[in-house]
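These notes concern the structure reproduced below.
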Amino acid sequence: MKDVLERFLGYIKVDTQSSEESDTVPTTKTQLEFAKKLGEELKAIGLKDVSVDENGYVMATLESNIDKKVPTIGFIAHMDTSPDLSGTNINPRIVEKYDGQDIVLNKEKNIILKINEFPEILEYKGQDIVVTDGNTLLGADDKAGIAEIITAVEYLINHPEIKHGTIKVGFTPDEEVGKGADHFDVKKFGADLAYTLDGGGIGELECETFNAAKAKVIIEGRNVHPGSAKNKMTNAVLVANKFINMLPENEVPERTEGYEGFFHLLSVKSEVETAELNYIIRDFDRKKFEERKEQIKEVGKKINEKYNKEIVCVKVEDQYYNMKEKIDEVKYVVDIAHDAMKAIDIEPILVPIRGGTDGSRLSFMGLPTPNLFAGGHNFHGRFEFVPVLSMEKAAELVVKIAELYANR
């Protein structure tokens with residue numbers, strides 16, 4: 001599985017950030033260009049039925065090498081990187097045999113990956129770790145997953161003694177902006193079940209996600225010359241501040257963990273005449289999720305009552321739901337992944353995803369899709385890193401899962 005690092009380093013050279021602002025599919029042209037390159041690579045290693053559609057979805061098939069009928073399994077990763085930080089000119093560095101100390105990512109800018117802030121890195125002492133130069137994210141989310149899947153299926157092609165059923169490979173665009181499953185053709189994909197490789201540290205096995213929604217708050221102010229503004233001006237900046245402060249201050253990402261939900265203020269655009277707040281709303285519990293959506297709407301209503309006019313408009317849109325209810329119907333998909341990890345000396349860590357994957361929506365589209373680790377940490381930022389061994393073990397896990405299904 002040594003090819004996984006070389007593949008990964010090649011993939012992150014391509015800037016495939018998705019965009020919240022774009023209405024195109026995919027949201028950025030570079031994703032489609034990258035999809036075409038991946039399609040060519042899949043053909044080159046010997047996969048069949050390789051397709052890259054106009055929306056940037058890549059699909060391919062590794063044909064079964066056994067006579068008996070077993071479930072067709074899919075392995076899925078996403079091609080885009082987060083728009084939260086630049087993915088242009090990623091300049092990775094391999095820290096060989098990590099010594100357990102702080103890692104200076106950028107001496108000139110004094111950007112340091114500190115063990116007291118990111119203690120999880122100590123779990124990889126003695127291993128080779130890929131880090132950034134402090135200027136960009138790394139792109140392990142989710143190009144590590146792509147590299148692992150392709151490396152695994154190539155290994156199966158080159159080792160026909162390992163028996164497996166039909167395997168489907170899928171790569172999606174725009175996962176980071178919540179659109180990864182929008183145009184995914186489940187019927188065309190043709191899998192009975194699937195796994196995304198979009199998780200974090202080694203051993204993570206996830207079958208629960210948030211219920212997720214986004215909220216856009218538009219505030220209409222009224223600008224009047226400040227010298228004569230008394231009882232006339234409505235300052236949208238101050239109304240926005242009031243709105244923000246009316247939501248629970250401790251129910252935010254930086255103060256929650258585990259199964260706790262939150263309101264996350266993504267952006268504020270504000271001036272006297274108008275303001276716009278963009279939130280995401282998250283909770284594992286469906287009832288609490290619905291209550292959160294009503295809560296943010298209620299804030300808008302209370303402000304409108306105070307001003308005795310409609311100056312606040314709150315629009316809420318669901319994004320995805322907790323896939324647990326669908327995964328529980330086919331629990332064996334989690335059990336096999338669990339057993340496969342044990343078989344290759346990985347201790348499974350069953351954790352809820354404090355986020356979402358393409359599998360969240362695919363599970364509700366008829367394709368049960370739990371999530372496996374891809375190996376990275378600190379996604380979406382300059383402190384992102386991925387241990388090389390974790391990527392190699394993820395590729396090995398894909399092979400072992402395929403093998404276990406063939407032996408069921």
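Note: Cβ is positioned from N, Cα and C throughout, glycine not excepted.
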Per Swiss-Prot, which one of His338, His380 shares the Zn(2+) 2 site with Asp141, Glu176?
His380
So Swiss-Prot lists His78, Asp141 for Zn(2+) 1; which of Asp15, Asp23, Asp198 goes with them?
Asp198
Rank the recorded positions Asp80, Asp141, Glu176 by how many other Cβ atoms lie within 10 Å of each Cβ and give me the one with the fewest.
Glu176
Sorted by position, what residues of the same chain at least six away from His380 (Zn(2+) 2 binding site) have a C-beta under 8 A from it?
Ser82, Asp84, Leu85, Leu137, Asp141
Pairwise CA distance, Asp198 (Zn(2+) 1 binding site) versus Glu175 (active site, proton acceptor), rounded so that it is a whole Å:
10
Roughly how many Å lie between the Cα atoms of Glu175 (active site, proton acceptor) and Asp80 (active site), rounded to a whole value?
7
Which chain-mates of His78 (Zn(2+) 1 binding site) that are at least 6 residues away have a CB under 8 A from its CB, listed by sequence?
Asp142, Gly145, Phe171, Thr172, Pro173, Asp174, Glu175, Glu176, Gly180, Thr196, Asp198, Asp358
Determine the minimum-neighbour residue: among Glu175, Asp198, listed as recorded positions, which Cβ has the fewest other Cβ atoms within 10 angstroms?
Glu175
Note the Cβ centroid of Asp141, Glu176, His380, the recorded Zn(2+) 2 site, then list each other residue of that chain whose Cβ lies within 8 Å of it, in sequence.
Thr81, Ser82, Asp84, Leu137, Asp142, Phe379
